Amino acid sequence: MDGKRSCSLCGGAMMIMMMMMMISHMTSALEVPLDLPQPPTITNQSPKDYIIDPRENINIFCEAKGKPHPSFSWTRNGTHFDVEKDPKVVMMPGTGNLVIDISGEKAEVYEGVYQCIARNEHGSAVSNNIVIRQSRSPLWSKEKNEPITVQRGTSLILQCRPPAGLPPPIIFWMDNNFQRLPQNSRVSQALNGDLYFSNVIMEDTRNDYICYARFPHTQTIQQKQPITVKVLDIEAMNDTVLAAFLNGSDFWGDSPSGERVPSFLHPPGMESTTMVLKGDTLELECIADGLPTPNISWTKVNGELPSGRFSFYSFQKTLKIKEVTEADGGDYRCIAKNRMGSSQHTITVVVRAAPFWISAPQNLILAPKETGNLTCDVDGNPKPTITWSVNGNPIESSHNDPSRKVSDGVITLSDVQTGSSAVYQCNASNDYGYLLANAFVSVLAEPPRVLTSLNHEYSVISNSRALLDCASFGSPLPKITWFKDSQSILNSDLYHIHKNGTLEINVAQPQNSGKYTCIASNNLGNKENHVHLQVKEPTRIIRQPEYKEVQRNSIAVFECKVKHDPTLIPSMIWLKDNGELPDDPRFEVGSDSLTIHDVTEDDEGTYTCIRNTTLDQDSASATLTVVEQPDPPTDLELTDQRERSVRLTWTPGDEHNSPIKLFLIQYEDSLHEPGVWLNMTEVSGTSTTAQLELSPYVYYSFRVLALNGVGLSESSDPSRQYRTNPAKPDVNPSDVEVSGTSPDTMTISWRELSGLESNGPGLQYKVSWRMKDAEQWTTVTLANVSQHVVTGTPTFTLYEVTVQAVNDYGEGPRPEVVLGYSGENSPTVAPENVKVSVQSGTEAEVHWEAVPLSSVRGRLKGYKVTYQKMRSLHKQDYDRENPQVLIFSGEETVGRLPDLHPYSHYRLNIRAFNGHGDGPSSTDQQFQTPEGVPGPPTNVNIRNLNLDSLLVEWTPPLEDNGHLTGYLLKYQPINTTEEAGLLKEVLLPANETSYTLDKLTHSTHYKFFLNAMTETGSGPAVTKEAFTEVDEALIRHPAVEAGKAPPAGPMFGNVNSSVKEDHAVISWEYLGPDGNVYVEYVVDNSKEPWKTEFVNGTRTFQIRGLKPGMSYRVRLVAKDHSDATIHSTQEMLITVPAMTNRQAEIATQGWFIGLMCAIALLILVLLIVCFIKRNKGGKYPVKEKEDAHQDPEIQPMKEDDGTFGEYSDTEDHKPLKGSRTPSNGTVKKDDSDDSLVDYGEGGDGQFNEDGSFIGQYSGKKEKDTAEGNESSEAPSPVNAMNSFV
C-alpha cells in the first residue's frame, strides 16, 4: 500500500507551488549580497496581536540581517525597555529575540506593546507594534437557573452567556452524559451560543440542557449550570394540574402556540445592519419562530451570492461568505417560510477595510549621483493616513536633507551621495488597523555580479513555460542580456526578459534545449553566467481507468498506464473521492493498476489516478458503482376495491445502482392453495401500481418482487388479505377428450377447474353424450373427478360429448361439443395377395392388398410384417433366428425388408392392426436370398518359422454367405515410419487355412491383409503385422532389466574400438534394423547408471567427453519398439591414456636429460664464438644466405645508392642484446624466449662449418630492434647465458 497514501489536494498543491515559483522568478525583490555594506532588514518578527499562555515562558521574536550585523533594542509601551536590568528577560545572542521567564511572576506584568529596533552604522529598522496579552479563561458567574415551563408549540431561547475569555471560547450544548444535544431545522445553536427552538414539542422536556465553553489557548472547558425545560400541553390539562406544574417555575406563555406564520427571533424586526472587514469571513444569521417549523432561504438584493465563496450552515440559518470584497457589500434577504405563510428580514452589509498594500516600499540601491523613489501605496476604508520615519524617527524631526523630497506616499531622493544610506519606515493606519514597512536606501558603487549558480540545470515539460534565472546585483543596477548559441535573445512572441533579468520562454519546445548565457553589465563592468535547459516529454496517462459497474463481493480493477519522459520516473497516487484510499488490505496498488477485492457498497465513489514526476503530472478518474439485487418493495396497499379487480400500490426499495426493469406480482389463494405463491402479472420498473383482475371466491394475498440487471429481490411482505365474493363459473373444463378402452365402452376425460376457476362452493361437472345426429342426450353430474366411463356402447361409433361446470351459484357458460368414437375391436380380415420380390442378398420388397375398412372395426394404424430366417442354404442344419417385425403405418401396401442374411431361407406373413390390437395373419410366404460376400476370416495368427519365413494361419469366416471360392493374402514390408514397400498377393484355395511365406527379409516388419471370397466377391479384410526374427526362441526371449545385458547374439559382429586422448571410436556390423541400436558405457567399478547414446543408423560411433586415465565398460544393444533390449554384445573394457603422465615419464629418462645437456653446451660454444667475432668487427658468413632470401625487412639499405649492405657493428641492430639480464637481476619472459630456436626453421637450429648459425634471422629482427636499446654494455658470454637460465 506504499503508493496509495496522499493528501487529497496533492495535485492542486503541486500546481500552486509551480505557480508560486514562477511568480517568485519574475517578481523577486532586490537582494543585496551580505558581503556588501547595507542597513538592517527585519527578517522575522512576532505577530501584531500575540496572546500568550500564562503557564509558559514568553517568546518575542525579532531577527534581522545587515552588514555589519545589526544590534537590537526594545521599547515597551513607547519607552525604552532595558532588557539587562530585568533578570527575568534574556535577549538571545545575535538576534533580538526575547525570552521572558514568568515563573513566579504574574503574566500581566509583561503585558503591553513591544517594538524592536535593529540598527547598524547604515540605519535602523523597526518591527511592528507587538501587543502582548495574556490568554484568559474566567469562571462562569454563579447563577441559579429556575426551571422553564413552556406551552407546546411555542418558541424558546435558552441563553448561554459565557464569560468573556481571550480569545473568545467555543460554545456547544451537551447533556449530563456528555452527548451533544441533537440539532435540526427546529432546534439550533446561534452564533452567540444561545440555543433556539422555533417551536417546542413534548419530547423537549428534560433537565440537562448544559452549555459548555471551551477555551482553546488554555485547553480548558467550563460548563454552565444545567437548565430544566418542562413542556406542557395546556389544552389537555385542567386548572388544578396546571397550577401544580407552574409552581416555582418560569412560564413562557406569551408567544403563540398554534400553527402560525414565521417571525424572526434573531435578528428581530424587519431590518438590521452589520459591518465586516475586507478579507474576513462574513457571517449572517436568521433564526425564525413558527409552526410548522419554517425553512430558511437567502438571496442578495440586486445581485447574486458570490460563486464559490458562500456556504450555508446550521440548517441554512447561517450564511457565510469567505474572503469578503467591497463587492459583497449590500442588502441580503433571509426568508422564513412554512405552509402558513412567510416572513423576511433584510440585513445591510457594510464593508470596511483595514489598510492593505497596493505597492509596499522596496529596498532601493542607488549609485552615487543617481535618483530614486520610495513608494508607499496603500488603500483602505476609510482612506489610511500615511506617515514616514527615517531610522525609526519621524521624518519631520530628522535632519534636513536637501536631496530628499516627501510627497504623500512617495519619497524622492535626488543626486544621492555616498554615506547617505538609511532605513525608511512607512506607516499607514485607519480606524481598523495599520501597516508598517521598512525599506532601506543604500548608496553603493559596485560592479555587476551574477547571483544565479553557474551552469545551473533547468528542466521543463514540452509546451510549458520555462523561466531561466539571471539574478544579479550591481550599482548602478546591471542591464541583463541573454544569448543562445551566440545569438542574442530579444523580447518576442517566444521570449520575454523580465525586469529582474529572468528569461521566460512562453512555450518551450525540444529545440529550445541547450546552453543559455546571460550577461549583467553596468558602467563598472560585465559579468556572464551560463545555464542549461532541458525540455522533456510530458507525462500522459495512455490507458485511463474506466467506469466500473460491479457486483458486491467481486473484484474491480482500474488501470492507469502512463507514458513519460525516459529521464523522469513517475510515481502513482490513487485517491478515492479526492481523499486517501481506505486503510484496507482489500485495496491492492500495482505498478499500473488499482485492484479492489471483495467490493462492498462503501467502495463506491470516484477513483483518481495521479501520475507525478518532479516536473509535471497527469490524472484521470473513473467511477465505481456497486450493484446488487434491489431491496424488496414496501408499503403494499390495496385501493379501488371492486368485485373483480383491485389496485395494488407499493413503494420501491433501493435499486442499488441498477435500474429496476420490472416488478413481478405474485398471489396466494389461502382458501384453495394455502402457502403456494403463483405469478400473477408483471409491470414496468417505472410503475408503482397495478390494476389486478381477480376471480370470484378467492382469498387473495399479494406480494411484489423487483428485478434489475443483477437479479430478483426478495419478496415484499404480503399485503392484507382480500376476499372476492362467490359467483357461477366463468369457464368450463378444458382438454375434453373421448376415447375407447374396450369394444363396448367410451371414456370421457377433461382437465378439472382450479380453485381459482371454481368461482364458488359446490363445484361439479355436468357430463352429456349422445350418438352423432341422435336427439336424446344422456347426462350425469359428477364432482371431484376428471373422467367418466360410458358402458354398453356399440363398437367404434361416433359420439357428441359436452362437459359443463356448475356450482352452488349456477352453471357455467354453454359448453362446446366434442366428437369422439367409442371403443375399438381387432380387425377381422387378413391382408391378401402377398408377394415378395428379392432385391439382393440383404434386401427384399413385399407387396399386399389392403384389408376392407369395414373389417378394421376402428382406426387402421397400419400393417405388421413378421419375417424369420429359417436356415442358411450353405449349411444343412437349421439355425433359426428370432422373428423380426416391421411396422408400416397408415394405408401403405408395400415395404422393404433390410439387413437380410445372404444365401438364406426366410418365412413371412402380414396382419393389419388398430388401436385395440392385431388382426389375423396372412398365409406364410417363403423366399430365399442369393449369395453375398463372406465375412472376415477368424483366428488369424502369424508365427515365425526361421530367419526368412513366416507362417500365416486362420479359420474360415463365421458367415460364409455363400460357397467360399478361396482366400486372398496380401503382404508388404513397412519401416519404422510406417512407409510401405511393394505389395504382393497370393490367391489360396477355399480348403486352405494356413500358408508359409518363404524368402522374406530377416529382421523386417511386415503387414498382412487376408480376405475370404465367394462368387459375389471378396469380404472384409483382416489386418495383421509381424516381424521376422532369427528364430522363435530368440523372438520370445524376455526383456532384459535396465543395466543388465543378455548374452551376445549373432546380430552383432566385428565389434572394434580405438581410443584417443579424450574419446573412443566404436565400430561394428549389425544384421538387424539400424533404427534401434544404442551404445551404452559406464566407468569401470562405478555404481553410476549406464549412459546410453542413440546410434542413428550408422555402423560407427564416437564416445566423447571421456576422462584421461579412466577405464570404461562399453557394449552395444538393440531394442524393440517397446524399448526392451533384445540383443547385446559382450562388455568391452577400454582405457583412456593419461598423456600428462607419459610426458612426465619422458622428462625423467636419462637419455633425454643427456641430450638436453649436449644441446645446451653446443649453444654456449656457439654464443662465445659469435660474441668474440662481433667484438673484432667481423662480418657474418650468413650474408650469402640472406642475399639469397632477398628479404627487404631484414637487409639494411644504404643511403647513397639504395643497395643492401652487409651486417656490421654499425649497421645491424644488435639482435642478441635483448638477451641481457635487466638491472634488477630478473629475467623477462620475452627475453628468455629469445633463443637460437627463434632464428631457425621449425625450431631445429643448424650450424655450418665455421660455427655460425643459418636460421631465418629476419624472424627476430623487428623484436630485437625494439629491445636493443635496453643497455649499451658490451655483450659477454655470461650475459648471454642468462637467457637460458
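Here, residue 1 is simply the first one shown, and the rest follow in order.
Yeah, the Cβs are placed from backbone N, Cα and C, and that goes for glycine too.
The signal peptide annotation in TrEMBL covers 1-29.
Annotation source TrEMBL lists domain 'Ig-like' at 40-127 (among others). Note: the domain 'Ig-like' (40-127) comprises 7 helix, 47 strand, 34 coil (DSSP; helix = H, G, I, strand = E, B).
The domain 'Ig-like' annotation in TrEMBL covers 138-228 (among others). On the 0 to 100 pLDDT scale, the model's mean across the domain 'Ig-like' (138-228) is 90.
What TrEMBL records for 262-348 (among others) is domain 'Ig-like'. DSSP states for the domain 'Ig-like' (262-348), grouped as helix (H, G, I), strand (E, B) and coil, give 3 helix, 52 strand, 32 coil.
Shown for the domain 'Ig-like' (355-442): DSSP residue counts in helix, strand and coil, namely 3 helix, 52 strand, 33 coil. According to TrEMBL, the domain 'Ig-like' annotation covers 355-442 (among others).
Among the features that TrEMBL reports, domain 'Ig-like' is placed at 448-534 (among others).
Annotated domain 'Ig-like' per TrEMBL: 538-625 (among others), in sequence order.
If you look up TrEMBL, you'll see 632-727 (among others) marked as domain 'Fibronectin type-III'.
Long-range neighbours of the compositional bias 'Polar residues' (713-724) within the same chain, counting only residues 6 or more positions beyond its ends whose Cβ lies under 8 Å from a Cβ of the stretch, are 629-634, 636-638, 641, 643-644, 646, 648, 650, 653, 666, 668, 670, 677, 694-707. The compositional bias 'Polar residues' feature in TrEMBL is assigned to 713-724 (among others).
Counting residues of the region 'Disordered' (713-743) by DSSP class, helix then strand then coil, yields 0 helix, 8 strand, 23 coil. According to TrEMBL, the feature region 'Disordered' maps to 713-743 (among others).
Sequence annotations record features per position, and here TrEMBL assigns domain 'Fibronectin type-III' to 732-825 (among others).
Using DSSP to sort the residues of the domain 'Fibronectin type-III' (830-932) gives these counts of helix, strand and coil: 3 helix, 55 strand, 45 coil. The domain 'Fibronectin type-III' annotation in TrEMBL covers 830-932 (among others).
The region 'Disordered' feature in TrEMBL is assigned to 914-936 (among others).
According to TrEMBL, the feature compositional bias 'Polar residues' maps to 920-929 (among others).
Here the domain 'Fibronectin type-III' (936-1033) is broken down by DSSP into helix, strand and coil counts: 2 helix, 54 strand, 42 coil. TrEMBL lists 936-1033 (among others) with the feature domain 'Fibronectin type-III'.
Secondary structure of the domain 'Fibronectin type-III' (1046-1138), assigned with DSSP and counted as helix (H, G, I), strand (E, B) and coil, comes to 3 helix, 47 strand, 43 coil. Annotated domain 'Fibronectin type-III' per TrEMBL: 1046-1138 (among others), in sequence order.
Remark: the domain 'Ig-like' (40-127) makes no contact with the domain 'Ig-like' (262-348), by the rule of 3 or more CB pairs under 8 A. Residue counts for the domain 'Ig-like' (138-228) under DSSP, split into helix (H, G, I), strand (E, B) and coil, are 3 helix, 36 strand, 52 coil. With a cut-off of 8 Å between Cβ atoms, the residues of this chain six or more beyond the compositional bias 'Polar residues' (920-929) that come close are 827-832, 834-836, 838, 840-842, 844, 846, 848, 866, 873, 900-911. Listed stretches 138-228, 355-442, 732-825, 936-1033 were compared with the domain 'Ig-like' (262-348); the greatest number of C-beta pairs under 8 angstroms is found for 138-228.
Ranked by the number of CB pairs under 8 Å to the domain 'Ig-like' (538-625), the listed stretches 138-228, 355-442, 632-727, 732-825, 936-1033 are led by 632-727. If you look at the domain 'Ig-like' (448-534) against the domain 'Ig-like' (355-442), you find at least three C-beta pairs under 8 angstroms, all six or more positions apart, and that counts as contact.
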